[in-house]
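Below: the structure, in structure tokens.
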Amino acid sequence: MQGPPLLTAAHLLCVCTAALAVAPGPRFLVTAPGIIRPGGNVTIGVELLEHCPSQVTVKAELLKTASNLTVSVLEAEGVFEKGSFKTLTLPSLPLNSADEIYELRVTGRTQDEILFSNSTRLSFETKRISVFIQTDKALYKPKQEVKFRIVTLFSDFKPYKTSLNILIKDPKSNLIQQWLSQQSDLGVISKTFQLSSHPILGDWSIQVQVNDQTYYQSFQVSEYVLPKFEVTLQTPLYCSMNSKHLNGTITAKYTYGKPVKGDVTLTFLPLSFWGKKKNITKTFKINGSANFSFNDEEMKNVMDSSNGLSEYLDLSSPGPVEILTTVTESVTGISRNVSTNVFFKQHDYIIEFFDYTTVLKPSLNFTATVKVTRADGNQLTLEERRNNVVITVTQRNYTEYWSGSNSGNQKMEAVQKINYTVPQSGTFKIEFPILEDSSELQLKAYFLGSKSSMAVHSLFKSPSKTYIQLKTRDENIKVGSPFELVVSGNKRLKELSYMVVSRGQLVAVGKQNSTMFSLTPENSWTPKACVIVYYIEDDGEIISDVLKIPVQLVFKNKIKLYWSKVKAEPSEKVSLRISVTQPDSIVGIVAVDKSVNLMNASNDITMENVVHELELYNTGYYLGMFMNSFAVFQECGLWVLTDANLTKDYIDGVYDNAEYAERFMEENEGHIVDIHDFSLGSSPHVRKHFPETWIWLDTNMGYRIYQEFEVTVPDSITSWVATGFVISEDLGLGLTTTPVELQAFQPFFIFLNLPYSVIRGEEFALEITIFNYLKDATEVKVIIEKSDKFDILMTSNEINATGHQQTLLVPSEDGATVLFPIRPTHLGEIPITVTALSPTASDAVTQMILVKAEGIEKSYSQSILLDLTDNRLQSTLKTLSFSFPPNTVTGSERVQITAIGDVLGPSINGLASLIRMPYGCGEQNMINFAPNIYILDYLTKKKQLTDNLKEKALSFMRQGYQRELLYQREDGSFSAFGNYDPSGSTWLSAFVLRCFLEADPYIDIDQNVLHRTYTWLKGHQKSNGEFWDPGRVIHSELQGGNKSPVTLTAYIVTSLLGYRKYQPNIDVQESIHFLESEFSRGISDNYTLALITYALSSVGSPKAKEALNMLTWRAEQEGGMQFWVSSESKLSDSWQPRSLDIEVAAYALLSHFLQFQTSEGIPIMRWLSRQRNSLGGFASTQDTTVALKALSEFAALMNTERTNIQVTVTGPSSPSPVKFLIDTHNRLLLQTAELAVVQPTAVNISANGFGFAICQLNVVYNVKASGSSRRRRSIQNQEAFDLDVAVKENKDDLNHVDLNVCTSFSGPGRSGMALMEVNLLSGFMVPSEAISLSETVKKVEYDHGKLNLYLDSVNETQFCVNIPAVRNFKVSNTQDASVSIVDYYEPRRQAVRSYNSEVKLSSCDLCSDVQGCRPCEDGASGSHHHSSVIFIFCFKLLYFMELWL
């Protein structure tokens, strides 16, 4: 943006020569702002002086020059009377006006003459409206929803109703989502945006495009743990080097306001840039708050010569120190940190000057404000205030010296000392006259050994040495409240004229006959008003002064919020009451935890935001050096046209004089050397609790000005604050003046601490903490509700305990803990309900724990197709069966039968989770993305897409898109782990490009992302059309072998074809010729042949039909189904075919679709439909994606709309028949029934009617860990991996176990990407960052007692990883856990091992030493399980030896 041009003499004065010749005195003074902005008026001030004709017609024109053509775009005209001072306002410039050359021409005419005429170029200001972007929070976790509002306003804060675009961008500036051409309601638009489970962490932005301008709001996405309490640290910002102590206070409170008990570790650390640092560390107890102190000897010891460079440093003025505080809560052991900086000063007191002018006006008074404070931040004592502040005032005249005279003589110097008493506040005013000959002023202040100084070296220039001074005695000037101005001068004052400028506009003008008068600010004056007062002397000189005053904004529109009560208990219903000034207002409310804004800066719309926004409209010069009357007007950004004498004088290079600069430094040494006076310091970095948003409300008040909403207080024990804004057509914006707070708290409550899951047969300690904030200690009975789903292992005969209850005394303002040893007896999620009863209060909490079956989970699915599609009534009978293996874990079996009336039905219902494997890399993430595209395509073609299903699919796609951008590299390519990989992957880049292109019709895809990926792919194509991969291909079937370049090229070609939408002239002919040539030479493996067939079919190659015929010739036929079987030997027992075989069938089906061979493809579709798992997917991600694409394309051709089938399920597993009715209305509904577990499981399925349906038998069960599962490799099962799990333990340490897992690939070459899943022993966790990433370990995921390690690949060389596990819950009788490794893209290649630790907790160990929990006899407590076993073994051995002897 170009700033306003400096106002030259030609701008300031242009009058008719004839008029000047006869004018007896000045006749006019015209002022106008130097800027123009769209949507804003240009107001011109016109004052006709006493020598002016009685009436003057003033015309103002706004001229625009574009393409060398100047036209008038706005004009206004008015008649002004002699002696008047009024304004002439041009209409506002249209909001869509472009940045052109604009000039303002002002002409004054009488009947006889042109009194004045001149023009000036105006600076075009692009800022025309205000846009506020509000989010409910400023910091989000993955998977959270971002709520935001856009508020668009004119500069007067009236609603600006317009169309705008909204863009969400991630930290890499990728476009994630957009809303285009959005219309607002009274300038307000409210939206939500869902973050994915793995978004790019960092600073995201909401960008709003309106009127060719973009407005931004950032929010941060980060992973963090919610703390239960907050810690604050209070210290002085400054500390005197003479102080004997540095004191401070630490406060630790729960978010609901109660004190924290625990331990404090405090560290005093000098922030030195040199050498080795020393520090002081102290530890002590805290109960809500604690005071601390460092004495001068301690501080000197660490600050003196700790850096080893003391001889080069001025230790009398050391650098700052950092004070670090860690508070550890005694109940849970959780720690929180906070720190602050303290700056050391040479003196005990700080003396500051402010509120003084930077220009001297001789013979008028100089005023300033002086503030005296203690360096340590404490208030001045009465004894200290008995001492005066002594101010030495030195006035000099160096006019000749500084005007360039060679004499350099000092003409005058006057010094006086003034004593001032110090009030309790430490702040006082000083005032004294400036001598008539003064041109310089220096002040030095002294107080109890401390000193400060300031100087003014500028002199206001007036030819007649006539001055006025403008002041106000009022503070906190606000809109609507009058304030007083006082004008003083060194000569008799005439009638005064004034004008007020704010935000680049002339907002008020007038005349006053008194030297003391009042003005009443309006909203247009905010946030800062530039007030000019002047009069004209008899000789025509303009005598002026300027005063800039901050004006507090006061909204005409009011909004008030009230809670129906200020305190409430969690889950209690309360009312939020809203009152506004006008009906038909839009109201936006947000209520969040009180600490949310302390953790990160708020993104709320606050008064501070509004004032800052108003400041952006202020575009004057604001030099602060108004040394003459010309500069006074310039200071307010005004253009002036006058025939009066407007003094203008330049600063004559005073500061270029080296001798002057040297003397200035010497005289002000005390003020300049002490650089710490200017140090901003560092605000304490406080870690705060970041809660969920409670209320996000948008409402139109309609005809009401009062509304009430009933809401339920969340279960959190914390404080909630609500803020709001209101907008109406007439009154514009209004804000709540202060947040309204609701304290959600109960003085007596339970906190449960238990593991996320355990395995059946294990026992765990249920930790129950009772918090008592009543005024008295209370006896509490803690009761666990009895259940047949778990046993309570309490055997004590103590009076205060029974099997399911304990009694304890809980002190006031404190907490106490009891432990109950629990043994779950049922599988699944079981509820545990705890009640605490006392004579004065009670609480009850229910929490779930997941109980898993022992052993290793297995699954089996078998499907049948019920094809009754001949448009006539039919019937059919099918049988499904399954036999559980002998080592099945009793009680783990689950049998389910499902039915649905659509080929894609199982997958549509399983969109949220199609496969059983984790998916944490760049390709696997697409399982959240690609299937949704094919489902949407399919349902759209079938005209069965519902709004709910569409929104669900789009949400998955948007989140998948967010996650996938994590894996895009700087060069535009994609790889399995993004920038962590050494290079991009052509295979994965092609896959992502294809999916993004297919998704583009449904969600917002950044076109730059597509272009960069396409360009990178084309850069990896050889001249013969072949593509190559610079890295390693993670898909095992695309790596190695003679035909891998052929397979890769066929794969990439099918992706590039979709880019023709953006680049129609894409040429893939060389690649097609390459594939045709390779096909003619012969393709031996089915996978490569299937991909080539699909690629050739996609472009209509003459070879496509021949390729498909060859592929069909190699197929297997069975029971009306067609499929392909690879030649590789069986790898493991699995009901599912190889992922490779599924992909081959899918590509074959797609080729049939492209070649319009519908009937020939039906047998393939039948086979693919039967291979799905119970979730609706297949074995892995790539086979699931390709198979669903093929099924969706093919099934869309089938006529299955008319459906009415009665399905009946009978057999031993179903004692009473299960019936499913499938018709046209519910054909997409997945109907489910649980069946009884019998051995073997067999069901008969009969179907009658017409249409199409799929029935699926799903079986889930666990198998016991066999002996072979503990060995390195099972030869019998021909496992693809060697796998060994070694447990490192210490019998004296029950809380740490190290796992050493080693694996290698037993097949030829290397595996594809491998996934190692490590299930931890119950009660253990692995610390974050405990496992380092490497060339092999690309990613580690922590997931509720399980680790997922993504391995780049595994070869014949053994790879080992050490996993340190730490106990975080007490669990005894620990069951075996398992470790597995699997080739991700060929899951049949796998190995599984189980493990356990010999060092276990016993039931006696669960309770430790907590009073009231004694499941074992005294003396047995704490014994180790293995020690007990050894003791029994030894005892029996001795017994038998005795018999033998």
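Glycine is treated like the rest: Cβ placed from N, Cα and C.
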Selected residue, Swiss-Prot feature N-linked glycosylation site, from candidates ASN337, ASN513, ASN1244: ASN513
ASN68, ASN600 - residue that Swiss-Prot labels as N-linked glycosylation site: ASN68
Record feature N-linked glycosylation site (Swiss-Prot), assigned residue among ASN247, ASN397, ASN800: ASN247
Residues that sit under 8 angstroms from ASN419 (N-linked glycosylation site) by C-beta distance, when 6+ apart in the chain: ASN388, VAL389, VAL390, ILE391
Nearest recorded site to ASN1355 (N-linked glycosylation site) by CA-CA distance, among glycosylation sites ASN247, ASN279, ASN365: ASN279
Cβ neighbour count within 10 Å of ASN118 (N-linked glycosylation site): 18
Lowest local Cβ density (other Cβ within 10 Å) among glycosylation sites: ASN279, ASN513, ASN645, ASN1086, ASN1355: ASN513
Long-range Cβ environment of ASN365 (N-linked glycosylation site), under 8 Å and at least 6 residues apart: GLU431, PHE432, PRO433, ILE434, GLN469, SER488
Those glycosylation sites listed as ASN68, ASN247, and which of them has the most Cβ atoms within 10 Å of its own Cβ: ASN247
Integer Å distance between the CA atoms belonging to ASN645 (N-linked glycosylation site) and ASN118 (N-linked glycosylation site): 17
Mapped DSSP class for ASN645 (N-linked glycosylation site), helix or strand or coil: strand
C-alpha spacing of ASN279 (N-linked glycosylation site) relative to ASN1086 (N-linked glycosylation site), in angstrom: 70
Cα separation, ASN247 (N-linked glycosylation site) to ASN68 (N-linked glycosylation site) (Å, whole number): 71
Residue pair ASN645 (N-linked glycosylation site), ASN279 (N-linked glycosylation site) - Cα distance, angstrom, rounded: 67
